[in-house]
Amino acid sequence: METQGRQAYPMTLTQFILEEQHHHPTAQGDLSILLHAIEIASKYVSAQVRAAGIFDLYGVEGTTNVQGEVVKKLDVIANEAFITALKRSKKVCVMVSEENEHPIVVEASLGKYVAVFDPLDGSSNIDANVSIGTIFGIYHRKSAKGTTDYTEDLLQPGNKLVAAGYTLYGTATMLVLSSGNGVNGFTLDTTAGEFVLTHPNIRVPPKGNIYSVNEGNSAFWYEPVTRYVDSVKNPPKGNPYSLRYVGSMVADVHRTLVYGGIFMYPADKRSKQGKLRLLYEANPMAFLMEQAGGKGTTGTGRILDLEPKGIHDRCPVFLGSTDLINELEGFFAAASEDKAAL
Ligand code: AHM
Ligand code: MG
């Protein structure tokens, strides 16, 4: 839209959420309010991440800064920000955070949603000023209001997600969101303090030539992963894939969404369940990947169909371009056929 030769200010995230709400005439605006809470917490965390070096927010929880004040680690600050914002929304009855061993119950809440999140993912990169992020997922509450047992709310498979997304604290801060109707990306305009729509309808390219994995673990990989990685490094024809690995899931998945490719955190002989957490890392990212036209698999099945047994369960994770994930699954299928033939 043009106004007298000048481009109009892009649609803000708040406007976008309201617009989506209007497409659901029965919606009461609860999800919009909840997503707005995530937006607020993301802006706050972004500001804290940007200021961390200046105000001594790196380092170990409980240490004192130069003024003799107790320093809160950035991941503690982020956790508190998301818990507080979601509680204040009054739309959530229970939450799971990577930082909390137990579910966070919102006392006397009538909230009809459940939130799962990793408030600041990429812990090994926080103190080095490398991109980090928040990952979140939203479910409908299943339990009756007034219950004290939230098990059925918390252990829902990813195919029941209502919305999911991440905030990337990178060179720019971006919030990437899906509420089941495609994926849209918003960049934080720090001059106006608003997330604005910069990446409408993100589609992951069906092909790609980047693989992303911690290859330092290759000595412990199972055969299908070893063989697949070997195949992309030594293709019979064409160029080998490039390796890109930040070690922050949000950054690696964001690049995969935009450029195509494959992100992997496999199970291996040391970590038999894998490293990444099903509820608040694997599922939200698999949901986004599928909503963008890509795939998310454990190698032998769809991530979103896994039935969680515990709130901090882990699972193997492969996300990315459809053609690449299909090829990878071919290596897993071949390995199980070899085993069956023995
Ligand atoms: P965290 O939750 O402790 O930050 O761990 C999750 C992170 C992901 O962001 C990333 O994909 C992975 O761990 C990197 O792990 P590694 O350092 O083993 O390669
Ligand atoms: Mg994490």
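Glycine is treated like the rest: Cβ placed from N, Cα and C.
TrEMBL annotations: computationally assigned, not manually curated.
Here's what TrEMBL has on this protein:
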DOMAIN    11-200  domain 'Fructose-1-6-bisphosphatase class I N-terminal'
DOMAIN    204-330  domain 'Fructose-1-6-bisphosphatase class 1 C-terminal'
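Helix, strand and coil counts under DSSP for the domain 'Fructose-1-6-bisphosphatase class 1 C-terminal' (204-330) come to 54 helix, 21 strand, 52 coil.
Confidence over the domain 'Fructose-1-6-bisphosphatase class I N-terminal' (11-200), given as mean pLDDT on the 0 to 100 scale, stands at 91.
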